[in-house]
Amino acid sequence: MRIPLIAGNWKMNKSVTEARSFIEAVQGKLPAADVVETAIAAPALFLQTMLDANRDQVLRVAAETCYYEDEGAYTGETSPKALHEMGIPYTIVGHSERRRYFNETDDVINRKVLAVLRNGMTPIVCCDETMGRRESGEKIHWVVNQVSAALKGVSLEDAAKIVVAYEPSWAIGSGTSASSDQAEEGCYLIRQTLADIYSDEVANGVRVLYGGSVKPDNIAGLMKRDNVDGVLAGGSSLDEHSFIQLANYQNL
Ligand SMILES: O=C(CO)COP(=O)(O)O
């Protein structure tokens, strides 16, 4: 059984004080982690404050990115080894904004996936799809290629632990989510790719999330779909009331 994962991605938003108040506000209001797992990925400089404020330990505090080396002369980068040592369980890798604004290539993303796994964390591997590619019918090829490239050299045992997120760029920050049919189609395609690369067993165990304008008023429809195991929410994860609603989508 795949436990749903409702994850937020704060991107470069909030101050440390705001991050702390958010964590305090959600204590006791999220579902038990063995029923619906919840996570917030935040800027590295907030993580320790968030961990300290997270008294009930239900919410997973996650990173938005990290470097692919464990340590060394890489000014400004975040070490996956240090993240693990802090107690961070998840790191997003390959978000479309990292690909677009920071020139992260499939090769860099693959190295980061390997580094996150090597350091005992779980990567949330993002897979992007542009509208141009969707309209030209190129989507299948594109999604399959990104998943395969990100997982190059990942063992079957490690592949079983990862999380993948289908995040069409045309739905990110647009206010208009993909329809539940489109989300299901993207997540199914990712699962099929995992089955082709690894096995049906791995594909059936991996959680595949949908991301792009997920809000309290559309999450229930998305979560009903067979291959959508959770969401990665940007804007609607910034407000604690809205995140609590997303986490409790089963009651909406
Ligand atoms: O990029 C996203 C999550 O990683 C989605 O962002 P929005 O929910 O703001 O569209």
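Note: Cβ is positioned from N, Cα and C throughout, glycine not excepted.
Heads up, TrEMBL stuff is auto-annotated, nobody curated it.
Taken from TrEMBL as is:
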type	residues	note
BINDING	Asn9, Trp10, Lys11, Gly173, Ser213, Gly234, Gly235	substrate binding site
ACT_SITE	His95	active site, electrophile
ACT_SITE	Glu167	active site, proton acceptor
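Structural mapping of features recorded in TrEMBL.
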residue: Asn9; record: substrate binding site; DSSP class: strand
residue: His95; record: active site, electrophile; DSSP class: coil
residue: Glu167; record: active site, proton acceptor; DSSP class: strand
residue: Gly173; record: substrate binding site; DSSP class: coil
residue: Ser213; record: substrate binding site; DSSP class: coil
residue: Gly234; record: substrate binding site; DSSP class: coil
List which of the binding-site residues Trp10, Gly173, Ser213, Gly234, Gly235 have their Cα within 10 Å of the Cα of His95 (active site, electrophile), in sequence order.
none
Can you give me the same-chain residues 6 or more apart in sequence from Lys11 (substrate binding site) with a CB-CB distance under 8 Å?
Glu64, Glu97, Gly234
Other than its own, how many Cβ atoms are within 10 Å of the Cβ belonging to Ser213 (substrate binding site)?
19
Glu167 (active site, proton acceptor) and Gly235 (substrate binding site), distance between Cα atoms, whole Å:
14
Any same-chain residues 6+ apart from Asn9 (substrate binding site) with CB under 8 Å of its CB? Would you list them in sequence order, or say none?
Ala41, Glu64, Ile92, His95, Gly211, Leu232, Ala233, Gly234, Ser237
Quick one: of the binding-site residues Trp10, Lys11, Gly173, Ser213, flag those whose CB is under 6 Å from ligand 1, and say none if nothing qualifies.
Gly173, Ser213
How long is the line from the C-alpha of the residue listed as 'active site, proton acceptor' to the C-alpha of Ser213 (substrate binding site), rounded to the nearest angstrom?
10
For Gly173 (substrate binding site), which residues of its chain lie six or more apart in sequence with Cβ-Cβ distance below 8 Å?
Ser213, Gly234, Gly235
Any idea which of the binding-site residues Gly234, Gly235 has the thinnest Cβ neighbourhood at 10 Å?
Gly235
In sequence order, which residues at least six apart in the same chain have a CB under 8 Å from the CB of Trp10 (substrate binding site)?
Ala19, Ile40, Ala41, Ala42, Pro43, Glu64, Gly234, Ser237, Leu238
Tell me the Cβ neighbour count for the residue listed as 'active site, electrophile', meaning other Cβ atoms within 10 Å of its Cβ, over all protein chains shown.
28
Maximum Cα-Cα separation (Å), residues Asn9, Trp10, Lys11, Gly173, Ser213, Gly234, Gly235 listed as binding substrate:
14
Determine which residues of this chain, when Asn9, Trp10, Lys11, Gly173, Ser213, Gly234, Gly235 are set aside, have a Cβ within 8 Å of the centroid of the substrate site's Cβ atoms, and list them as they appear in the sequence.
Gly8, Asn13, Ile172, Ala233, Ser236, Ser237, Leu238
Around Glu167 (active site, proton acceptor), how many other CB atoms lie within 10 A of its CB?
26
